[in-house]
Every structure is written in C-alpha cells, then in structure tokens.
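Notes for the one structure printed next.
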Amino acid sequence: MSKPIQMEKGVKYRDADKMALIPVKNMPSEQKEVLRKPDWMKIKLPADSQRIQDIKSAMRKNNLHSVCEEASCPNLAECFNHGTATFMILGAICTRRCPFCDVAHGRPLPVEAEEPKKLAKTIADMKLKYVVITSVDRDDLRDGGAEHFANCNREIRELNPHIKIETLVPDFRGRMDVALDLMKDNPPDVFNHNLETAPRLYRKARPGANYKWSLQLLQKFKEQHPNVPTKSGLMMGLGETKEEIVEVLKDLRAHGVTMLTLGQYLAPSRHHLPVERYVPPSEFDELKEIALELGFTHAACGPFVRSSYHADMQAQGIEIK
C-alpha cells in the first residue's frame, strides 16, 4: 500500500497533483476526446488594460485574493475592466479537492487577522458599491471560517456604509449551527451558497459535500434572516439531465431560495473533470422560464453566467446571459 502524500503547509496543489489526492477517481479530460467548443462559446476577450492592472496591484499590495484569478474565471478581464471583483478570504488554499474547480488544494496557512481591515480599505479605495465575498473551504477551522466572514462584513460596512455585500459561503460541514450563530449579527445583503450540480453527481464532482446539508444551510439562514435573499448556482455540462436540474430548482424553491444562476461548466485543465456537453443558449432560456414559473425572483441563465458574474446587476433583476 502506498503511503499517503504528506502535504506541506502553505503549498498549493493544482491540476494533476490535486487530482491525485482525490479518493474518488474520475476519468480526467486527458484520457477522453475533448469536446470542441461550439461557436456560442467562442468570445473575444477584452485586452489587458490599466483598470485590470490597478485591481491586480491593489490585491497584491494588501495580500488579498480574488476567486476570479484563483479559479481561472473566463470572465476575469470583463469584470476587472468594469471595476468589479469577487474577493476570496481565508487564504488561497482549499481543504477540499473538487475536480471541477481550479482553486488550489492543500494545508492552509493560519487565518490572517488583519484581512478584514485590509479588505475594507481596498474596497473603499476602489469605490465599490456592491461587493461579493467568498472563501475557500476551511475544514481545519472549528467554525469553518464563519467568524472571519462576520468580521469582514462588519469592517467593510464601517468604511463603506452604503455598500451592498453578497457572501458566497462554503457549506460549513459539521458546524452549520455554530457558523450561522457567529454570522447572525453581521449578515450580508445577499446570502449565496452554490449547490453546483445534481445530487447524483455529488460523489464525482463534490467529494466531501452533501446535497441535503447544503439545502439545509440555505433554509436555516433564510429562517434566521427572512428579509435577506438567498441565492444558489449550478453548472451545466457535467453529465446531468435537464430533468435533474429542474428537480434541483424545485428543491431550492422548497428551501426558500429566490435567486438563481445557471452557467456552462468549463474544464480548467485536461486534468479536471471533462465537459460532457455544451448546453445551447436556447436550453438556458428554457430553464430560466421554468425557474421564473417556479417562483424565483431572479434567474441569470446563460453559457457564461457565473455565480458572482455581474452580481450587482443580478441583484437588481437586470437580465444576465
């Protein structure tokens, strides 16, 4: 029997190194014929600009991270050019190793106590009116990082009293009640937690996560804060059926969720889960209509939609595709 890999604290494991650490072995993209992108998935990326460099410089200066960079989001250039970014707190190393995600896995460094203040000042310097805060999973922390989320919300509002905050949280596995209690006095304006895919695909795509647990997290937060909208997102193209997605939408509505994002999964590398199919825009349109019929007040559905893509516009109900 081979010895388990001894991970060094603070070292990022990515691509093949990360996939090698996943107990549930999946067929990686490198062993399959890679699907060619259809025309609707081909876009011209905006050129590099001073605005993009300014945002990156502000991040580096304060030792902050964006999920845009860490997860290799295809919308990075567009969002940075518009002066928006999704900040990723609690470091850039995740304790989970989901094979669809490009965020590094490993043993995280200790939480930086000054991060909330640095984050608040950076947001003030950028003159943002709407901000999305997300994080890596921190299963190494007793509260899963919940108190740090609360501290960030508090510090951001102290320096930016008119800002709107959306938090995209992990599942706080095994510590949900503790986490919700720690965050109750500093809730966001929108509470987001992504289900990512249909429950049948959890073992393959979200090892370590639990579909029902995630639904309960969304429901319990809503019960605690009935006036704060809850939101969730799903990827298409991992092997799910349209019928399975509709059932997930029904589950979300049954648990009080009113905001939805649906987007096309793109494999970050040949080592990640392969794209099983490219979902045509017309199918996203159909699912949006179904979502609205089910009672979602906001539904951003389209190939390039991501959970925090134009989140400020999503919150206003402006159509996003």
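The backbone N, Cα and C atoms fix where each Cβ goes, and this holds for glycine too.
Worth saying up front: this structure is predicted, and the values here are computed from it rather than measured.
The annotation [4Fe-4S] cluster 1 binding site is assigned in Swiss-Prot to Cys68, Cys73, Cys79, Ser308. The Cβ neighbour count for Ser308 ([4Fe-4S] cluster 1 binding site), using a 10 Å radius over every protein chain in view, is 26.
Positions annotated as domain 'Radical SAM core' by Swiss-Prot, on the basis of sequence analysis: 80-297.
Annotation comment: Swiss-Prot describes Cys94, Cys98, Cys101 as [4Fe-4S] cluster 2 binding site, evidence class sequence analysis. Other Cβ atoms within 10 Å of the Cβ of Cys98 ([4Fe-4S] cluster 2 binding site), summed over all protein chains shown, number 21.
In this structure, the binding-site residues under consideration are Cys94, Cys101, and the one with the smallest number of other Cβ atoms within 10 Å of its Cβ is Cys101. For the pair formed by Cys94 ([4Fe-4S] cluster 2 binding site) and Ser308 ([4Fe-4S] cluster 1 binding site), distance between Cα atoms is given as 19 Å, rounded to the nearest Å.
A Cβ within 8 Å of the Cβ centre of Cys94, Cys98, Cys101, the residues given for [4Fe-4S] cluster 2, is found for these other residues of the same chain: Arg96, Arg97, Phe100, Asp102, Val103, His105, Val136, Asp137. Each residue contributes its Cα atom, and for Cys98 ([4Fe-4S] cluster 2 binding site) and Ser308 ([4Fe-4S] cluster 1 binding site) these two points are 19 Å apart.
Cys101 ([4Fe-4S] cluster 2 binding site) sits 15 Å from Ser308 ([4Fe-4S] cluster 1 binding site), counting Cα to Cα.
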